[in-house]
Each structure stands twice: as structure tokens, then as C-alpha cells.
């Protein structure tokens with residue numbers, strides 16, 4: 001009985017390899033990178049993202065056609081040596097348009113993520129650090145925004161105001177910072193009671209420096225994960241709106257509005273490749289962000305040990 | 001417990017007020033005269049003024065808000081700018097179609113996600129577990145409108161296996177098989193992301209329970225493995241999942257807009273989208289409120305259920 005109990009208490013977590021890893025001194029970053037690169041899906045995601053992002057950046061050199069050049073003769077032309085992935089209903093080259101669409105879709109995703117994360121981090125830090133009525137008010141605001149079915153509110157706002165891409169990014173950010181704010185707040189609630197915060201306070205450091213210089217770096221892991229997953233989510237939201245004809249309007253190509261133009265029975269019957277490829281790009285891009293986000297989650301979580 | 005439930009219900013009131021102010025505010029800032037379509041362009045400025053006065057549109061905005069909110073509380077959602085029909089009637093007409101879609105999707109989600117999640121958890125790190133994990137990544141990453149489009153193109157248009165859209169064959173009499181035939185694809189598209197999500201939650205939940213002391217005790221007592229898994233582990237693993245279903249509601253509401261549009265399903269989502277294109281503000285406002293209230297209710301039910309099923313939680 002006693003022996004059993006002893007055994008249980010001493011038993012190390014099953015996956016820790018013991019001597020080999022415990023002996024060496026490794027920096028936090030190298031441990032994280034090592035864990036990340038051991039995750040096959042995460043590495044695949046990272047490679048695919050590199051390809052997709054470079055193809056958007058280098059679109060002017062990779063494109064074979066002007067993305068907006070129409071051609072009556074090439075309407076709904078099937079994939080060929082001339083139009084690698086076929087042509088759309090106005091005879092525009094789908095391959096070239098898709099590259100340029102990637103620029104817009106990725107830009108919206110990244111910019112919205114950065115804005116939403118910034119708002120979320122600031123609100124979450126302030127609420128978590130100060131607590132009390134500040135926390136109460138800020139968290140009620142979060143409750144209200146989170147209660148809206150965001151696609152309903154987005155469609156309402158977008159259809160009423162018809163925003164430019166920049167405005168669209170701001171609207172996305174305003175509606176989507178709440179998740180990050182909650183994550184940061186809960187991290188702050190537990191971190192602010194630690195000794196290093198007390199030490200910083202005792203030294204008389206300004207609050208801003210304690211919050212952003214001392215506590216925030218310790219809470220950044222979950223924020224990075226949420227931000228990575230958010231890019232994928234924003235790309236889906238943007239393409240959903242554009243698909244419904246409410247997001248970014250033509251002739252500027254986005255993966256979503258390319259799909260919107262393809263809703264047509266003739267296309268369905270004869271030109272199935274036209275809606276196939278832009279959608280596939282959204283799918284692969286979002287999938288890659290999810291792979292990478294999941295890999296980062298495991299890599300940044302010290303409770304998940306290497307296998 | 002009762003005190004907690006009452007407190008939780010009271011907490012929704014400020015949220016609902018906030019939601020109504022935002023809905024109302026958006027329409028106030030909306031460009032264009034909200035009554036433009038209602039008023040004859042040829043009438044004199046005096047008559048127009050009189051009409052605005054009569055409709056209460058010259059009152060201060062807080063007064064207009066209170067009147068609007070008061071009407072909503074009494075179940076009067078106003079009438080459409082376009083068809084002049086009662087908004088509440090328009091919603092109730094279409095609600096059954098949306099409910100059928102959502103309920104079918106919920107059932108599909110449960111039937112698929114729970115068994116797969118259990119198998120994944122019991123056989124953690126097995127080949128099957130990896131396949132299901134991979135599949136669930138696909139499920140959450142695939143854009144629902146594209147999935148719907150592809151299904152329509154390949155299964156409906158090219159192969160002719162399924163109808164292209166609608167709730168049933170036009171002009172036909174009610175026929176259960178026909179209805180189900182029309183229902184299958186839209187319900188599947190609506191459920192895809194949630195199936196994947198719920199599979200992950202079931203797996204996590206089951207993994208947490210799997211190594212608990214009482215499961216080991218059950219095993220030590222010599223119960224068959226099946227009984228241990230389904231009687232002891234599963235029951236406890238399912239508890240947090242009950243609350244997850246309350247949280248599915250928002251994704252279904254959002255998803256229904258897209259799915260109903262693609263499959264020309266005459267439900268709430270389609271009504272909403274149509275009215276945004278026509279700038280039919282009373283309908284937009286009513287539906288935004290309606291959607292938000294459903295989400296708040298979903299969260300409320302989830303929280304209360306959680307308190308009911310898990311007696312360990314103290315308030």
C-alpha cells in the first residue's frame with residue numbers, strides 16, 4: 001500500500017525522456033522550435049503558407065495575364081496551355097486572377113488579425129491588471145459583442161455602409177477582438193499575483209511598463225496561437241461576404257468574389273474548374289493556418305512534452 | 001443553484017439592452033432616408049414634414065429608440081418597407097424551414113461527432129485517431145459556401161443525384177422522401193464545421209475522463225471494457241458536451257445565411273440576406289435582434305445546463 005503510493009508520487013510523466021533532455025541546457029526558443037518542427041502537420045502547413053504567401057507577393061511576375069483583362073473569345077475557356085486554370089465568364093485568366101486575389105485575401109486576413117489582436121491585448125491587459133469596475137465594464141462590453149451572431153452583424157453593417165477594404169478590416173477588428181481580450185485577461189489574472197510583478201511594483205516601475213514589459217511577455221503564447229487561427233477565420237469571413245456579393249467588390253479580385261461570379265448554371269454544367277480553384281485556395285490557406293496554429297499551441301504549451 | 005440561475009438570467013438583461021442599442025444605432029447611421037421608399041417623391045415639403053411627424057421620425061433619437069424597443073417587447077416588430085407586411089409574420093412563416101434545417105444538422109452532428117470522438121479517444125494515437133484528426137482539420141477549414149457549391153455542381157448538376165435547391169419539388173404534394181432528398185445536402189453543409197469541432201471536443205472530454213480514478217476502479221472491479229467505457233467514462237465525458245450544443249446555435253444561425261442562399265432554402269437566413277439587399281431596415285433590425293437573442297439564449301441554456309448536470313460546481 002505504502003509502496004504503491006510512493007511509486008505513484010515518484011512516477012515521472014510518461015513522455016519525458018529523462019537524462020538526455022534534462023542534462024542539456026536549451027533556450028526556451030530552441031525548445032519551442034524543436035517541438036514545432038517535430039509536428040508534421042505544422043511543418044506541412046508552414047511550407048504551404050510560404051508557397052501561398054510568396055505566390056501572392058510575386059503575383060506580378062508569376063501571372064501570365066493581366067488579371068483584369070477581359071476577352072470575349074476566351075469566355076469560360078477550359079484549362080489549356082494559354083489559360084492554365086481556364087478562364088472566367090468574362091474571359092479573364094483564372095490562374096492570374098487567383099494570384100492577385102491572394103494578395104487581397106491575405107492582406108485582409110493579416111491586417112484584421114493585427115488590429116483585432118492589438119485591441120484584444122490592450123483591453124484584456126487593462127481589464128486583467130486593474131480588475132474592479134474597469135474589468136466589470138470592459139467584460140460586459142465583451143459579453144455584448146460576443147453575443148452577436150457576427151455574420152449577421154457583419155452583413156448588416158456591410159450592406160448598409162458598403163465599406164472599402166480598409167473599413168472592412170476595421171469592422172472585422174471591432175467585432176473580433178473579444179476572444180483575445182478574454183484570453184489575455186485570464187492570463188493576467190493569474191500572472192499579476194506572481195512575485196516578479198510584486199518585485200516590479202516594489203521597484204516603482206510605471207504601470208504601463210509592468211503591464212506591457214513584464215506581464216504581457218508571459219501571456220503571449222496563447223495570443224500567438226489565437227492570432228494564427230484568426231487569420232484563417234478572417235479569410236473565411238472575407239470570402240463569405242465577398243461570395244455573397246457584400247465584401248470586396250469586383251473588379252478587385254478576391255477568392256470569395258471569384259466564387260460569387262461563378263454561381264451560374266452554365267458554369268455549373270460546363271466550367272466546373274472555375275469555382276473549383278479559388279475555393280481550393282481558400283481551403284488550403286485556411287487549412288495551413290490551422291495546422292500551424294495547432295502546432296504552435298503544442299509547441300508553446302510547456303505541459304505538452306516532446307515525444 | 002436557484003439563486004445562480006436567477007442571477008444568470010438577470011445578467012442577460014443588460015446584454016439584451018446593449019444589443020438593441022447597437023442594432024438601432026446602426027440603422028440610425030445608415031445612409032439614405034429610412035422612409036424614402038415609403039414616401040411619394042411628388043408630395044410637397046409640408047406634407048412630407050407632416051408625414052415624418054406622424055411616423056414619429058422627427059422625435060429625438062432616444063424617444064424613437066424607446067418607442068421601437070417598447071414595440072418589440074410587445075411583439076410588434078413593425079412592418080416591411082418593401083412589402084408593407086408585418087415583420088413578425090414574415091419571420092414566423094419562414095422559421096419552420098430554418099428550424100428543420102438546424103435540427104437535422106444538430107442530429108447529424110451528434111450522430112457523427114460523438115462516436116468518432118469516443119473511438120479517437122479510446123484508441124488515442126492509433127491510425128484511426130490520426131485519420132479522424134486529419135479529417136476534422138478539413139472539416140473546420142473548408143469554407144461552407146464552397147463546399148455547398150461543389151456539392152451542387154458535382155452531385156446535383158452533373159450527376160443529378162440531388163435537387164439543386166428548395167425545400168421540395170415545386171407544385172408537388174407533400175412527400176416525406178422528397179423533402180428529405182432536398183434536405184440532405186444543405187443540412188450536411190451546415191453541419192460540417194460543427195461535426196469536426198464536436199469530434200475534437202468529444203475526444204478531449206473523453207481523454208480527460210479516461211484516466212480518472214473511478215474509471216480505473218470500475219476496471220479493477222472486473223467490469224467488461226465496453227461497460228467501463230460506455231457506463232462510467234462516457235456519462236461523465238458527455239457532461240461538458242451538453243453545454244457545447246448550446247453554443248452550436250450561433251454557428252448554425254450564421255451558417256444558415258450562407259447555406260440558405262446557396263440552396264435557395266426559404267428560411268430566416270435567406271429573408272435576412274434579401275432584406276439587406278433591399279435595405280429593408282425593419283426586417284434587418286428585427287432579424288439582427290432575433291439572431292442575437294437566440295445566441296444569448298443559447299449561452300444562457302448552456303450555462304444553466306452546466307450547473308444542472310455538474311453538481312461539483314459551486315456558485
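The first residue you see is number 1, and the count goes up from there.
Every residue, even glycine, has its Cβ placed from backbone N, Cα and C.
Checking TrEMBL for transmembrane segment across the ranges B:179-196, B:197-214, B:215-232 points to B:179-196. Of all ranges given (B:57-79, B:241-263), TrEMBL attaches the label transmembrane segment to B:241-263. Proximity of the transmembrane segment (B:241-263) to the transmembrane segment (B:134-159) is established through 3 or more Cβ-Cβ distances under 8 Å for residue pairs spaced 6 or more apart. Note on the transmembrane segment (B:283-309): residues 1, 4-5, 8-9, 12, 15-16, 19-20, 23-24, 26-27, 68, 72, 77-78, 80-81, 87-88, 90-91, 239-240, 242-250, 253, 268, 271-272, 275-276, 315 of its chain, located 6 or more positions outside it, place their CB under 8 angstroms from a CB of the stretch. Residues of the same chain lying 6 or more positions beyond the ends of the transmembrane segment (B:9-30) and with a Cβ under 8 Å from any Cβ of it are 61, 65, 68-69, 72, 279, 281, 284-285, 288-289, 292-293, 296, 300. For the transmembrane segment (B:99-122), the residues of the chain that approach it from at least six positions outside its boundaries are 128-129, 132-133, 167, 183, 186-188, 190-191, 194-207, 210, 229, 234, 237-238, 241, 245, 248-249, 252, 256, 259-260, 265, 267, judged by C-beta separation under 8 angstroms.
Counting residues 6+ beyond its ends, the transmembrane segment (B:179-196) has Cβ neighbours under 8 Å at 100-102, 104-106, 108-109, 112-113, 135-140, 142, 144, 147-148, 151-152, 155-156, 162-163, 165-169, 248, 251-252, 255-256, 259-260, 262-263, 265 in the same chain. Distant neighbours of the transmembrane segment (B:134-159): 165, 185-186, 188-190, 192-193, 195-197, 199-200, 255, 258-259, 261-263; these residues of the same chain sit at least 6 beyond its ends, with a Cβ under 8 Å from one of its Cβ atoms.
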